[in-house]
């Protein structure tokens, strides 16, 4: 059942596939599951030149709206002349894959707050069905940060190809992520949920779509935004600067630049996202644990990742600290780790354009030379 | 006008002084200002054996409810046999000093959300009037953490004694604090205010005292509590442990131990604090800047602090990071800095009992030997 709502219509040129039946990690079975995805470039004859981008938390299937255009295209990290680039929306998101905004075919009503719990592993298994339907034999490289990075780790654990000895995913680039969500990140998610729950318009999730709990979502986003940056970035960007004039001497509190920033960004966000979807994604993140159902020992599971891995972390990441990236690097046997960012926090990976272009291109040439060179050669032939 | 409310009655044996008129840093003049305070021990003949404790954010005049009893009494850091210990409640707090819960004598109504903006400097100036009324000539040592530490820095800048060449405050121990509030801390305060504002019971601050916006205050406290701890402390205390049983496989989200902790602590808090008072304190903290009205250069103002200073910081402090403590130490000429805590955050200073006892006692013996030895000698004489 294809979902139609104002958020889905924000995403241009995406395709929607319907999966008739899909069992979640929780055991619950969903019917008529929509999966929204986009592709760029062409699948080669061997059907193995796939670059899989796992988008960020509140992103859509269109990763180009989040990542810099300077990273996309010929000679860039996301080279659409060499790779068949694929990006799909996660379950529970507002942008076209099944979510609280979707009609539940079993009841004929919107899922709303009854939408089931999902995990990054669910997303990977669902998106793989789409790749299978497109005839993809192998993913050359899988890249993603934050929630996307959790999926990247799950992709690494998908296993071998159906008809081959090689891993289905050949190489991975997890960025600013973790193998299991920390108590710290669960705590932030909990606060953000409670903020939304307490909005008078939330109505236990059965709110009027025309009059949603926007203020709660606004404040939850404000909270999240702080965790995406860092103390030092805020200090150098805003300090104690005051918006307009310093009316401190009147009996009205000054409106500091940092407040203005948080209000402006959160105001943009509530125009493009839904409260129930937001809550669904916080639970998805809380449920992330690659060791679940795989023996329970995260280090052992990481040690079983055979693929070459380029692990990227942010020095000042408050949410997924660099120590968690080192934990990945210490356990994934064929990995290298690079620390990005001088003082900014979690989200800074989206801004480190030159560094990322160089690092990802270098990693591709080292580990996926076959695909890269084949393409370059075929260009000479043309 | 003495305030009477359920929060004030929670504090045992405190005294309330009324200051007829008091001008705030903002220029606004308050009338009939209540100041709640407590004392322990005896003022000596020279009236200079005063230990001033500046309590934490949501604390009262009774610092013994926050600090460990193992730090209080003979031979301890807070030695009430040697010092006349003084602690007063800050303006805007719920525990007896004038606040949104107080009657405004100019209107005959409760201040509520109209209570004026205040600063830590206002508290210091107001509390000094009480010390003056008690005949105090000099404060031997001033100790406080967090918001209390901001007051400690303002106390250091009070200047000379009325009739002497010595500083009014002889020595200071600022703990886990800052010279001016960072954009980062302002951001957290802003989120917490917005959470309370959005509670349906808040009513722009004119709420029913019998039906206050407790849920908003609960969530704001939850948010604050996370910033008081650290990622690693949460991880080692809670990890991904689930309260009761792991009901992950049902379609109900697990209730993680870290959620349980936040709910439990925040539930305790809303029984002992008021929403308008909480908002008032966030603004007070935002307004903290020791350079305001003193030339605007924080480093220069710190350099003008003549007193010996023992600066204590927490290694993993998220809110007032150790870098801010180093900034104090680099600029205050006669200072030493000690880093406390292995992995816990901001609030850990309250738990470092043995270390604090040793450090503060050592500092006292080094810089206040005259007072310490005089007392010890007089004991031998008895």
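Residue positions begin at 1 at the first shown residue.
Including glycine, each Cβ sits where the backbone N, Cα and C put it.
Database features (TrEMBL):
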type	residues	note
DOMAIN	A:50-349	domain 'AB hydrolase-1'
ACT_SITE	A:146	active site, nucleophile
ACT_SITE	A:317	active site
ACT_SITE	A:346	active site
Could you find out if DSSP has residue A:146 (active site, nucleophile) as helix, strand or coil?
coil
Summarise the model's confidence over the domain 'AB hydrolase-1' (A:50-349) as a mean pLDDT value.
95
Three-state secondary structure of residue A:317 (active site) from DSSP?
coil
